[in-house]
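Take a look at the structure set out below.
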Amino acid sequence: MEPEIYRRMGLTDAEFEKVKAILGREPNYVELGMFAVMWSEHCGYKSSRSVLKLFPTKAPWVLQGPGENAGIVDIGDGQAVVFKIESHNHPSAIEPFQGAATGVGGIVRDIFAMGARPIAVLNSLRFGPLDDSRTRYLMGGVVGGIAFYGNCLGLPTVAGEVYFEPSYACNPLVNVMAVGLIEQKNIRRGTAAGVGNAVMLIGARTGRDGIHGATFASEELSEASEERRPSVQVGDPFREKLLIEACLEIINEDLIIGMQDMGAAGITSSSCEMAARAGTGMEIDIALVPRREEGMTPYEVMLSESQERMLLVPKKGAEERIRAICRRWGLEAVIIGRVTGDGLMRIMENGRVVAEVPAKALTDQCPVYERERRRPAYLDEVRQRDLSRLPEPEDYGRVLLGLLAAPNLASKEWVYRQYDYMVRTDTVAGPGGDAAILRVKGTSKGLALTVDGNGRYCYLDPERGGAIAVAEAARNLACVGARPLAITDCLNFGNPEKPEVAWQFYQAVSGMSRACEVLRTPVTGGNVSFYNETESGAIYPTPVVGMVGLLPDIEKRCGIGFRREGDLLILMGETYPEIGGSEYLATFHGLVAGEPPALDLEREKAVQALVREVIAAGLATAAHDCAEGGLAVALAESALAGGLGAEVELASDLRPDFLLFSESQSRILLAVAPEARDRVLDLAREKGVRASVIGRCGGHSLVVRINGRTLFNLSLEEMGKQWRESIPVLMAR
């Protein structure tokens, strides 16, 4: 076989030799394609698998960790929550609407493949600067695609984040998280047990869309990528809705042994993963696969990533009942093969063997690389900058208004108003707060959901940035009163074959692992997205954390908005002169430099525990974490959310701009009734947390004084205008 054939599929010379050694012969074209997709970074995790072992994955409440379609955690009363996050970065860069739409469809299938009813979607998005017309095109397409698929499915998109940085200009990030609820007795896994059992394909017909989508997602983007539009799948959310209902009915009737979504690598991945988990094999006749296009080759059928398809292994005798259920939902259900006991994936076409490969060779024997790691030279340059010598602002009101208008901090209502976040009627707190809250019907419980990440911090210090991503997600849950349970992560990085990127990846995972250990948030699964890189360079290293938390009593929840005149403002935690990597530094000084804020995880843990206790006791009327933009922006956001101003008096030796815009970690702003003040301060003392009364809610302006000097007095109207109109105005250009 000519080297350019397997190289074009993404295999190296050494990997091709390993394939030959496993088979004892040269692979044919179909077999080569199967190895290429399953040994891609997207499916095989060959550059990340050894590093991912750093993550803590076990806890008494974790029912399913990494290795399945999605993670599962116990929430009591025989119920569990199923959740996972994945990326659809490369497809969205080429075809933003369909790339993002099918990102939603794929992650939702992972949820109901476990037997759970999907209940919510979240997303984490990264684009280039909004003054660029292509960025506006990409953002419009991505948001439209997410809205289209989620709204048509009848799933609320309840939370998310959107950031804009030059490093994402050519390579946007589209990370989508889905969440489901399940009775623990209904949990199913993707396994193909029982020799002789049928293998059924249900759902959509198979076409040529998405062929080699997995290998496309395992290479750098270039001008030639525009020609890869056939690698972008096309989604049909209405068919997926039918598929959800049919699959859940099949599970409720206990008709199957296992079920797997046909995502990346299509029939190839779903079949070999199910067989490998069970230690079995499969014989599949691709002539039986329903097709929507004529003349498809065995290679195309095996590698197609056509959407809205599931692979099932029914219990013996259940095949006709499954067909009847699918007919009722307007879906095809076809037996395409059977489970075998020889461990081989035997692919037939009308009685002819077109591929024969050991199932575990495709999964367990994927090469694992220990990539060379090297600290990037740029870190010395960006950290040498003496930020204490920056000029102080003359007009602090102008600075705050400018920060509120900065796209990273401005209202994202332009985005989330396109999503139906109230559908299903379980959304108690939707977009715009620190975390979304969904009720668990029939109980007093609530689920709290968030996604968080900061690529700028990770660019300056990936270990600290990774830890902060976990800490901030948990802090956001604490602000609504929820205890964090576990995380799913989406790790977005450049080319791992470059030592600097491999170093960033290792450092970020190390930091995340450290935070997960201290905060007791095990990792239940996720996704690694490498090769987010173009000729102009790599993206910022961007680990994104999706976190699920539990509210034992949904009535004891908190929001970010100031609600009552006369309530006192208490700042939990301490402020240090930490503006490295801050929004203030980037927006007003044009710099991405310095070190990101320090993170003391034990202090973080104490602050979060304190705030949860205060909220559970009914002592807080508002809670908001101090994150990007610092204390000043947190105050403005809470004032705008509640439609109520505040007067704040700070006493400090810090420079005013550092005090107001520092992004020091482990800080939460609380509003409490005056009569609750002493009890809250006593609780803080007991937990060793610094708590300072800094002001009072009231009026229609935000007034901030430092050491008796008024820094700004801004009306809610002028702040709201800057904050709300920024992104709509930019998108309308």
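Count begins at 1; order follows the chain as displayed.
Placement of Cβ uses the backbone N, Cα and C atoms for every residue, glycine included.
Since we're looking at a predicted model, the values are computed, not measured.
What Swiss-Prot says about this protein:
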- His42: active site (ACT_SITE)
- Tyr45, Lys84, Asp489, Gly526: ATP binding site (BINDING)
- Ser87, His88, Asn89, His90, Arg109, Gln233, Glu305, Ser306, Gln307, Ser529: substrate binding site (BINDING)
- His88: active site, proton acceptor (ACT_SITE)
- Asp110, Asp261: Mg(2+) 2 binding site (BINDING)
Which of the listed binding-site residues (Asp110, Glu305) has the least company, meaning the fewest other Cβ atoms within 10 Å of its Cβ?
Asp110
When you measure from the Cβ of Ser87 (substrate binding site), how many other Cβ atoms are you left with inside 10 Å?
27
Can you figure out which of Tyr45, Lys84, His88, Asp261, Gly526 (the recorded positions) comes closest in space to Arg109 (substrate binding site), comparing Cα atoms?
Asp261
Enumerate the residues of the same chain, Tyr45, Lys84, Asp489, Gly526 excluded, that satisfy the criterion Cβ within 8 A of the mean position of the Cβ atoms of the recorded ATP site; list them in sequence order.
Pro66, Ile85, Glu86, Thr488, Cys490, Leu491, Val523, Gly525, Asn527, Val528
Around the Cβ of Arg109 (substrate binding site), how many other Cβ atoms lie within 10 Å? Please give the count over every shown protein chain.
27
Given the binding-site residues Asn89, Gln307, which one has the fewest other C-beta atoms within 10 angstroms of its C-beta?
Asn89
Nearest to Asp110 (Mg(2+) 2 binding site) by C-alpha distance, among the recorded positions His42, Lys84, His88, Gly526, is Lys84
Sorry to bug you, but what's the C-alpha spacing from Ser87 (substrate binding site) to Gly526 (ATP binding site), rounded to the closest Å?
9
Quick one: Cα separation, His88 (active site, proton acceptor) versus Asp489 (ATP binding site), in Å?
14
DSSP-derived class (H/G/I helix, E/B strand, else coil) of Asp110 (Mg(2+) 2 binding site):
helix
These are the recorded positions: His42, Lys84, His88. Which one scores highest on other Cβ atoms within 10 Å?
His88
Based on DSSP, name the secondary structure state of Gln307 (substrate binding site): helix, strand or coil.
coil
For Asp489 (ATP binding site), the number of neighbouring Cβ atoms whose distance to its own Cβ is within 10 Å equals 31
